[in-house]
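Engineer: Below you'll find the structure I mean.
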Amino acid sequence: MAELKNDRYLRALLKQPVDATPVWMMRQAGRYLPEYKATRAQAGDFMSLCRNAELACEVTLQPLRRYKLDAAILFSDILTVPDAMGLGLYFEEGEGPRFERPTDTVDAIKKLCIPDPEDELGYVMRAVSTIRRELKGEVPLIGFSGSPWTLATYMVEGGSSKTFEKIKKMAYAEPAALHMLLDKLADSVILYLNAQVANGAQSLMIFDSWGGALSHHAYREFSLRYMQKIVDGLTRFADGRQVPVTLFTKGGGLWLESMAETGCDALGLDWTVDIGDARRRVGDKVALQGNMDPSMLYASPERIHQEVGQILSSYGKGTGHVFNLGHGIHQHVDPEHAGAFINSVHELSPQYHK
């Protein structure tokens, strides 16, 4: 495979010296870009886009043609793993993802099989290897998965939820059943992420989108415990270099110290946390990624520039910061404003690395 020309992102995650703060955006390949909309229309629907390695590669590369980004992230969905377990994933307009066969009983959980990443999830691996080849070493490729807790919320609820009533009922009334499900999911995610590394992913990220819905103790029991299991089982060295791992719990500001103890390399921060405060709390244990409010991209380029400066100043001098949004970019953001954000990071960050 081609030698990596820009390793700023990987170096920052490992707290090695960099010349500037690396930057990428969660959901950088997405609906805010007209070229993405055109490719998605060509594919027919979202999952057809995910399952076509060439088109998934095309949308992964689109934001890199527009912007000076320091990393590419695999174009896929966190729900590929439960879909491969046979739950029948489909998308309803305005409703988001749904499952034909929710996993809301002990019997349903017992019947679940751990998917083979090279078989049922082979389309993801083909996308990873295609993207890695087409990147030609320009920037590193990030592979990812949802966390066991987050995947379980969709599987038990049958889709998106605002209240998480069904899964919380299972957590408190039938905890053994939920632990069985989370254990199977953790084993599945370990295989899935290690297969991504084997096919060319150079960094890994675990998205715990709904960990913040849990109480203090329940988070440790039902979310963090299983992310810890995954971190322990991951391939951490490939292609002659370390494969950094980032954990991101949206709404997880309460648990940064505990997350940093898992052995991961970096923590993603949402916009509710002050990044300077987070740095003081975790010390030298982990790097930090984040954490501008995605809605700030609706502001003027001047205001975006100011906000970038404020976050850089809050983090302070030295490596260990990957600039990102605090969650995914919104679909109605002006692409020019996303460009202003990225350019501001490149312009303002070098002074913090002298």
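Positions of Cβ are set from backbone N, Cα and C atoms, glycine also.
In case it helps, Swiss-Prot gives these features for our protein:
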BINDING   Arg27, Gln28, Ala29, Gly30, Arg31, Asp77, Tyr154, Ser209, His327  substrate binding site
SITE      Asp77  site 'Transition state stabilizer'
Engineer: Who sits close to Arg27 (substrate binding site): which same-chain residues at least 6 apart have their Cβ under 8 Å from its Cβ?
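Structural biologist: Result: Gly328, Ile329.
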Engineer: In sequence order, what residues of the same chain, 6+ apart, have a Cβ less than 8 Å from the Cβ of His327 (substrate binding site)?
Structural biologist: Met26, Lys250, Asp270, Trp271, Pro294
Engineer: By the DSSP assignment reduced to helix, strand and coil, which category contains Ala29 (substrate binding site)?
Structural biologist: coil
Engineer: How big is the Cα-to-Cα gap, in Å, between Asp77 (site 'Transition state stabilizer') and Arg31 (substrate binding site)?
Structural biologist: 14
Engineer: What is the number of other Cβ atoms found within 10 Å of the Cβ of Ala29 (substrate binding site)?
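Structural biologist: The answer is 24 other Cβ atoms.
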Engineer: For the recorded positions Arg31, Asp77, Tyr154, which one has its C-beta crowded by the most other C-beta atoms within 10 angstroms?
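Structural biologist: Per the Cβ count within 10 Å, the most buried is Tyr154.
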